[in-house]
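Participant: Let me give you the structure first, and then I'll get to my questions.
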Ligand SMILES: Nc1ncnc2c1ncn2[C@@H]1O[C@H](COP(=O)(O)OP(=O)(O)OP(=O)(O)O)[C@@H](O)[C@H]1O
């Protein structure tokens, strides 16, 4: 008997919303613009499943790209829920990975581009050293450490030597080019290079564009507002010259990566093209009515987003707690979390996210949670180890070994598929079988949630990961994240006494609080959100003087509020002096929201 594909059922839930249905059925280039919780990702994932079933057949496929690792993980999670676990012809990943894996590695050498072989990715100290050399080579006496942030912003505007770089001065371009030469002398490229080189290859060679089109006749982009100019130019070349069909979704009100070169007006430009169908969604299915109302007040721009008729009313609370991050964190643990757990029957710590503007608040929250006995998973630059594709996969292997194998969650073939995906230099069938056997033997022999994490990880590294890193030097960034994880298992470090089962919860578990920066929370949703640190000089940061910078801080506040489904708790200082001796108090954003809602 023929079983109907799973996406049919999901598609039926879109039918009642004519705009979602329209987006699902559109055929040419389409851009969906919509606010938070309006189902952009849901439509995208369902439509991709349908296109894989009806429109493209292997070896041709779909490239589905987004900006951050977290958004890529969310996409993967949703595709898995639709039964698309190891679809060989579906690429899901960040724009950087796409450029590296599908443009630079296969075509750069063929095109005669002078890049290091094998490709290795620069670490932060390599980048700093290369910048120091570049500054010295053009006679600038400047400490690279103090110049690094400005340099990063400059570099994100650079489009390569063959394009007009009219947003940069001649001096800026000389420093960038000297920096690139210094990196190449070390045999390295960096993340910005991945985009610049990708654009260069696509610009220069029709055959590169044609080959990409043959491989991926459809290009799908989530969170388009986060893309900078170089990526926008890549999309234009591939879709409006090489013939790829475009399906993009985005929301310029959620553009929070200006410091990384994002330009939300590019989304507007794209959706205004005559050859692009523009679809607007306006119902918010995620948030309760009070939260939708508050989010629009916080944004301070009329948007007219609504909730469906059966939406809950929801809860918004404001709190003034202490005079610094530590006091706020203690107050959250002592007072707010116990209250929030009572809001709904069966609510668990995993239903709650604590969002904060910077890692200082994350540190305070982690300390307070530990002291109060709350388990947590932390997603920010100070988490015990970096959450990369590889460390996320290791977490999933731990879930499988801790009992997931009994219920096929995660599925073994999904783990295997990713494992084989990294080992691109293994081509012979015999070697591939050996590789599969290595991983399956490891997993099967370690089905024990009580095993010590150090022993488990040591064996995984010894049997599988070390040989992989030797073969695949371009995975340098993942190797660094693994080293961080490995070091965290050493005596007196956070995971010294962890079992595999405890480590598995780092992927997110019902009994763990979620501690996340506002930036990393984009694309996520939680039943309850506690947002701390909405303090004077913190959100917006006191260094930000430009109107656009302040607008971006407002959008960040908006993104945070719209992560909550049912209740939101907004927390600021009640005044006094913080640890650095500065006067604190509520941010203008929270004061304005409170006053407008009171009215
Ligand atoms: N037609 C629908 N019927 C029922 N639920 C829906 C519908 N569309 C979306 N949802 C639900 O609304 C929530 C938000 O959807 P989704 O995450 O796709 O929105 P989004 O526009 O991508 O949000 P954001 O931009 O804030 O990340 C999800 O829980 C999703 O399942």
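Positions of Cβ are set from backbone N, Cα and C atoms, glycine also.
What TrEMBL shows for this protein is this:
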type	residues	note
BINDING	34, 35, 36, 37, 38, 39, 40, 41	ATP binding site
DOMAIN	13-288	domain 'UvrD-like helicase ATP-binding'
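Just tell me what is around each of these and how deep it sits.
Facilitator: Sequence-distant neighbours of residue 36 (ATP binding site): residues of the same chain at least 6 apart with a C-beta under 8 Å from its C-beta are 251, 253, 254, 284, 286, 287, 295, 558, 559, 562.
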Participant: Limited to the domain 'UvrD-like helicase ATP-binding' (13-288), I'd like the whole-number average of pLDDT.
Facilitator: 91
Participant: Where the criterion is a Cβ under 6 Å from an atom of ligand 1, which of the binding-site residues 35, 40, 41 meet it?
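Facilitator: So the answer is 40, 41.
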Participant: DSSP on residue 34 (ATP binding site), three-state: which is it?
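Facilitator: Assignment for residue 34 (ATP binding site) reads strand.
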